[in-house]
Amino acid sequence: MEKTRPLWATPLQFVFACISYAVGLGNVWRFPYLCQMYGGGSFLVPYIIMLVVEGMPLLYLELAVGQRMRQGSIGAWRTVSPYLSGVGVASVVVSFFLCMYYNVVNAWAFWYLFHSFQDPLPWSVCPLNGNRTGYIEECEKASSTQYFWYRKTLNISPSIQESGAVQWEPALCLILAWLVVYLCILRGTESTGRVVYFTALLPYCVLIIYLVRGLTLHGATNGLAYMFTPKGSPMLSPLAFQMEQLANPKAWINAATQIFFSLGLGFGSLIAFASYNEPSNNCQKHAIIVSIINSSTSIFASIVTFSIYGFKATFNYESCLNKVILLLTNSFDLEDGFLTANNLEQVKDYLASAYPSKYSEVFPQIKNCSLETELETAVQGTGLAFIVYTEAIKNMEVSQLWSVLYFFMLLLLGIGSMLGNTAAILTPLTDSKVISSYLPKEAISGLVCLANCAIGMLFTMEAGSYWFDIFNDYAATLSLLLIVLAETVAVCYLYGLSRFESDLKAMTGRALNWYWKAMWGGVSPLLIISLFIFYLSDYISTGTLRYQAWDAAQGQLVTKDYPPHALAVIGLLVAASTMCIPLGALGTLITRRLKRGDTAPVA
Amino acid sequence: MTWMDPREVFLRNLHPAFYSTCNNLHCTWDSFECIGLHGQDAENAFKVRLSIRTALGDKAYAWDANEEYLFKAMVAFSMRKVPNRETTEISHVLLCNVTQRVSFWFVVTDPSRNHTLPAVEVQSAIRMNRNRINNAFFLNDQTLEFLRIPSTLAPPTDPSVPIWIIIFGVIFCIVLVATMLLIISGIRQHRRKNKGPSEMEDSEDKCENVITIENGIPCDPLDMKGGHINDAFVTEDERLTPL
């Protein structure tokens with residue numbers, strides 16, 4: 001008696017699983033950065049165009065393939081064509097790399113979450129130095145939030161060569177993070193299906209709360225105005241700057257890249273999720289819904305982020321002004337409260353004319369405070385999530401509550417994505433008859449989690465953050481483009497578009513719209529090829545690859561070159577997954593030739 | 001070149017801090033006397049800076065002679081706590097050069113009013129009683145500054161066990177227990193499933209023994225588990241024909 005494939009209890013679970021997988025940390029910490037870099041409001045134009053032209057078709061393709069083949073990525077692509085088993089293996093390898101480093105972010109989120117239950121928040125004050133006369137020097141030079149991130153959380157080493165020891169605190173948090181993930185995927189779709197209700201819906205609750213709080217913060221409107229009308233160069237008016245950005249090819253490329261990676265295409269997670277669907281499920285509708293929700297969440301999250309930016313920038317600007325006012329008040333013994341932000345310039349001019357020699361002594365210490373420079377600090381990635389946001393949170397009232405809410409949301413987003421990442425690895429493993437006959441699915445999941453946790457300890461070492469950046473930048477980018485290109489070409493040309501169309505019609509009962517056929521057959525592969533060429537040329541033209549290292553003495557980031565062994569690891573990462581595709585085809589070719597040789601008729 | 005009083009020139013060169021006090025506020029003979037008193041002991045004078053409006057906003061009080069009297073009293077009080085200086089009187093504390101800021105210089109003299117007390121003693125006395133001096137004026141270390149007297153920064157309250165470990169332990173235990181429960185219930189379900197099909201197979205074997213075979217084709221076995229009433233032919237209602 002054959003074991004029936006486990007199914008989602010309701011189609012809603014499937015939609016929520018896709019949403020919680022696609023809506024991840026990238027929506028929160030990458031999209032606002034791109035918005036800021038490429039013209040604010042005008043970035044939405046290439047973004048939406050790419051969504052319709054690239055995101056929706058490719059998402060529908062993956063869901064349709066998974067639902068039709070009813071197997072994980074390895075089995076699905078093997079069914080499409082035996083020469084394509086390498087594509088499935090490449091997906092699994094990339095997902096494995098992703099699992100290794102992605103959960104470290106959840107570990108950091110747990111660390112911050114546990115530290116949010118203190119008064120005052122540990123990243124809001126600098127710790128005192130040995131003899132209690134002042135603050136620790138590194139903290140003075142940088143800021144308290146940067147100090148807490150680089151020294152207390154990561155204990156970062158000055159360069160990637162100095163690995164240091166495994167830090168036990170992040171290691172404990174990593175173990176907890178993997179335990180939570182294991183708990184969620186333990187029973188397969190049964191447990192995952194219930195968890196995704198939380199991981200898909202709760203982040204929106206927190207985002208709405210943050211939206212209301214963010215918009216009511218002092219100075220939030222500065223940030224929002226900046227998002228929609230960035231200043232750009234002083235020559236151009238904001239509107240002209242935005243128009244100019246539309247013509248910038250980098251904006252379009254980054255929009256395409258963001259859509260591509262934000263939806264999580266090519267990892268095999270979507271295929272895995274769709275394989276647990278009823279065959280008659282309307283995956284076209286779901287593909288459209290999921291992609292629209294993913295993009296709207298990005299835009300929504302960036303509104304929240306920009307209001308927080310505005311608050312932080314305004315707060316820092318006013319602190320800077322207050323420092324200047326204090327300096328002048330003390331140097332010239334002016335009446336306390338006489339100098340305000342409004343009359344600062346006039347009084348400065350008066351003092352410069354009345355007491356020129358004294359003023360020239362004080363002048364070097366007077367900083368030029370500017371709201372624009374504060375707003376222009378564009379940050380993305382872990383820096384945005386753990387430094388910029390925490391800096392804004394520490395200045396809010398009841399900061400513990402906001403901190404707990406924020407890191408809880410980060411955790412939900414991260415774990416939601418991890419569910420998809422692990423499903424991409426586990427579904428092919430549990431599908432394989434060989435492995436599932438020996439081990440029950442709980443044991444397979446446990447072994448995968450254990451292996452990833454053990455390797456993930458590398459990221460908790462002192463140089464772990466540098467390795468994290470390597471994995472984040474190089475493990476998935478090029479390989480995914482190749483994988484998705486292979487997928488699209490395979491379905492359209494190897495399997496046959498008309499054959500796939502009739503399969504879908506038989507499965508769901510709906511005919512395939514001409515739009516999807518046009519996108520799958522022509523536009524999307526061309527887009528992916530151009531993205532691929534752009535990335536390759538970018539890598540080649542940059543020459544040596546560089547990274548940002550934290551210099552404790554100066555209290556800021558410095559750029560360094562990667563050492564040879566790091567470059568070798570980067571090469572291995574890219575090669576390990578991309579080589580699977582040709583090797584898989586080659587392997588099948590060889591085994592077929594051997595079989596044909598064996599069964600050759602005896603003369 | 002404007003003519004400057006030679007005493008003023010001498011004092012300015014002696015202590016650079018006097019430059020600021022004598023620069024925009026014309027130094028009178030009174031203040032010179034004050035300065036002259038500690039002109040030799042320029043190091044024993046300390047500058048004090050108050051930011052009353054920053055601290056209290058609308059509730060700020062004006063700095064007048066009474067407040068100065070209170071300040072002198074607090075300094076004298078601090079000095080009386082130092083061994084050998086219990087006889088310090090309010091009149092021994094001298095204030096001068098009060099500016100609009102509000103800032104001024106003060107110095108403490110000995111009972112003979114000829115010498116000033118050494119800076120180290122004054123420093124330690126003020127540091128010991130800093131909190132009470134601050135509270136007397138509703139200010140804190142940042143708004144009532146004694147230049148050249150660093151304040152001891154309050155040490156952070158370190159609990160014996162860091163709070164984050166407690167919360168981590170709680171959540172870790174909850175997740176571990178939940179995982180164990182799920183695994184154990186999964187193993188139990190597995191065992192039940194393994195027992196179940198084997199029981200089914202036994203009863204099917206018994207049934208098969210009674211299958212009658214005619215012409216090599218097995219007749220449909222009678223359902224041995226008890227008769228099923230074929231609802232198509234017999235219903236309770238139709239036993240009795242309706243009237």
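Cβ atoms are placed via backbone N, Cα and C, with glycine included.
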**Request:** Determine which of A:Ser262, A:Ser331, A:Ser370, A:Ser445 appears in TrEMBL for the same Na(+) site as A:Ala22, A:Val23, A:Asn27, A:Asn294, A:Leu413, A:Ser417.
**Result:** A:Ser262
**Asked** Counting only pairs at least 6 apart in sequence, do the transmembrane segment (A:82-104) and the transmembrane segment (A:195-212) share 3+ Cβ pairs under 8 Å?
**Response** no
**Asked** When you scan the chain for residues with a C-beta under 8 Å from the transmembrane segment (A:43-61), skipping those not six or more beyond its ends, what do you find?
**Response** 34-35, 245-246, 251-252, 255-256, 258-260, 263, 265, 270, 283-284, 287-288, 290-292, 294-295, 299, 484, 487-488, 491, 515-516, 519-520, 523-524, 527
**Message:** So if I measure Cβ to Cβ from A:Leu413 (Na(+) binding site) and keep only same-chain residues at least 6 apart in sequence, which ones fall under 8 Å?
**Reply:** A:Ser20, A:Val23, A:Gly24, A:Leu25, A:Asn27, A:Val28, A:Thr199, A:Pro203
**Message:** Ranking A:195-212, A:404-426, A:447-468, A:474-497 by the number of C-beta pairs under 8 Å to the transmembrane segment (A:288-309), which range is first?
**Reply:** A:195-212
**Cβ-centroid neighbourhood (8 Å) of the Na(+) site, A:Ala22, A:Val23, A:Asn27, A:Ser262, A:Asn294, A:Leu413, A:Ser417 excluded** = A:Ile19, A:Ser20, A:Tyr21, A:Gly24, A:Leu25, A:Gly26, A:Leu263, A:Gly264, A:Thr297, A:Ser298, A:Gly416
**Distal contacts, the transmembrane segment (A:195-212) - CB-CB under 8 A, six or more residues away** = 13, 16-17, 19-20, 23, 184, 297, 300-301, 303-304, 307-308, 402, 405-406, 408-409, 412-413, 415-416, 419
